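Trainee: Structure below; questions to follow.
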Amino acid sequence: MAHDAGDDGGELPPPAKKKTPAEEAAEKRRKKLTPGSLMKGLIRSGSGDATPADGDQVIIHCTTRTMDGIVVNSTRREHGGKGIPLRFVLGKSKMILGFAEGFPTMLKGEIAMFKMQPKIHYAEDDCPVTAPDGFPKDDELQFEIEMLDFFKAKVVAEDLGVVKKIIDEGKGWETPREPYEITARITARTADGKEIIPSNKEAYFFTIGKSELEDLEEVHFDVELIQFIQVRDMLGDGRLIKRRVVDGKGEFPMDCPLHDSLLRVHYKGMLLDESKSVFYDTRVDNDGEPLEFCSGEGLVPEGFEMCVRLMLPGEKSIVTCPPDFAYDKFPRPGNVPEGATVQWEIELLGFEMPKDWTGLTFEEIMDEADKIKNTGNRLFKEGKYELAKAKYDKVLREYNHVHPHDDEEGKIFANSRSSLQLNVAFCYQKIGEYRKSIETCNKVLDANPVHIKALYRRGTSYMLLGEFDDARNDFKKMITVDKSSEADATAALLKLKQKEQEAEKKARKQFKGLFDKNPGEISEVGAAESEGGKDSGDMKSSGEATSSDRDADTKGGPSGESEYAFEEERPGLLGRVWPSARRIFSSLGLNRCTIL
């Protein structure tokens, strides 16, 4: 009885698997086969029952004859060949259609004769390979094939220039790459069996990317990888190098301290002089106790922290570090000269991840946020604006998952988030990212359009960008919104007027006499101005602070605050309910981890 496709008694056939372009091309070629175009005769049986499949490399000897038995081409020495077998990877190598259809029918060790019509070998339409010179491609031919071997191959180079056969599987997940240091036993032979690197009990040591071999047409290597040392070029220019000499435990990079963590390390610092002078050793100079530090807080040299973040617990590494990532930008030990390249031997004993906020009460969450924020404030005071910004950004990311339960918690949460965003905005100001500072202030003003500090900070960024009208609007709005901010706004407007005058003076000087000259003299005016040097009244560049700028950094914030003032500690419940009470608490900047 017939059933519809939707009847309970019938099932829909599984959807047809979409063919790959290679499969479609092979099927199209296969349609060229007609009865009698490809014939096979067995000369010698092979062994086993396995036959080659797609992805296998086949190794064959081939002798091609005319139907009269005349040899026209061969790989065998006795027939004028070089004695070098041919190698193909089924499904990847370009070959005549007769080979593509004949090889998968053969067993290992088998010898067979394939009779092919011209359209099945080199006279095929759009044949992917070219016939040798003088080859009778328009004749019916006989191809004697001996299947020497076949095996599953790993194609290393897309052009099939390097193909690998795995004899014994290795252990672990990591594979060496440039510039890793390798220890291996290697034997190398030419394609005809001539030994060019003899078998040797002694292993070879070399660095990937720096070894050379004589230019030969084809070389077969037998390689036993004994050991490799992971070498990382941390900056990509060969100056900061990390060499792992003892493996750690865990899976890379998931079990590395990528995020800000409490780290425990033993390390020994040495100068790269003739005697490799040791300038510090935790096992000697720290009473045998390891160094403990929190990453992301600028507590160790940048190169040191970059490398530790990519270590696994228990790992030992040797780090060679240039001066600008070592002690030239960090408090330098007395016995380390300026400009010294150093080497650290570092052992990562372990690390503790930051506390997970999941399951914490709102009060506990705010306490954790204040701890991170206060670290950011310290970094800001130290001038580490990017590191400070990263700390504030971290808290703001965590805040995306915080949901206050009532209006009181909502007020506390909103005030804390606005404070953090303004800290981020001020950090952007300090590093010259004025447009990003404005964008961050806008987030605060979107939630509270009359936020005095946000108006002040955005106005300052507009002023530093030279967008004076927008800056004036923000400073005037401060007075309209809150009369108590009039003194700060008035001071800002005076500074704005000074900036406008400086800009106007610079413009006048730049175009001085431009329109008093004949057209052909204009370029000479520009040249004269460039040679004349800067006038002492020129406007400072965006990266150079004027004396009035420095005054603003310490005095000019709204309501008598320092412009970079943020809450250094969280006030009590009363201060949270009335946010204005928080003005008595000063705070600071921003943190970004520049390492990863």
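Cβ coordinates come from backbone N, Cα and C, glycine included.
According to TrEMBL, the record shows the following:
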type	residues	note
REGION	1-55	region 'Disordered'
DOMAIN	55-151	domain 'PPIase FKBP-type'
DOMAIN	260-352	domain 'PPIase FKBP-type'
REPEAT	418-451	repeat 'TPR'
REPEAT	452-485	repeat 'TPR'
REGION	516-571	region 'Disordered'
Trainee: Which residue counts does DSSP give the repeat 'TPR' (452-485) for helix, strand and coil?
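Mentor: Across the repeat 'TPR' (452-485), DSSP assigns the residues as follows: 31 helix, 0 strand, 3 coil.
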Trainee: Is it possible to list how many residues within the domain 'PPIase FKBP-type' (55-151) are helical, extended or coil according to DSSP?
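Mentor: Residue counts in helix, strand and coil order: 15 helix, 37 strand, 45 coil.
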Trainee: Can you break down the repeat 'TPR' (418-451) into helix, strand and coil residue counts using DSSP?
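Mentor: Split into helix, strand and coil, the repeat 'TPR' (418-451) gives 27 helix, 0 strand, 7 coil.
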Trainee: DSSP on the domain 'PPIase FKBP-type' (260-352): how many residues come out helix, how many strand, how many coil?
Mentor: 14 helix, 35 strand, 44 coil
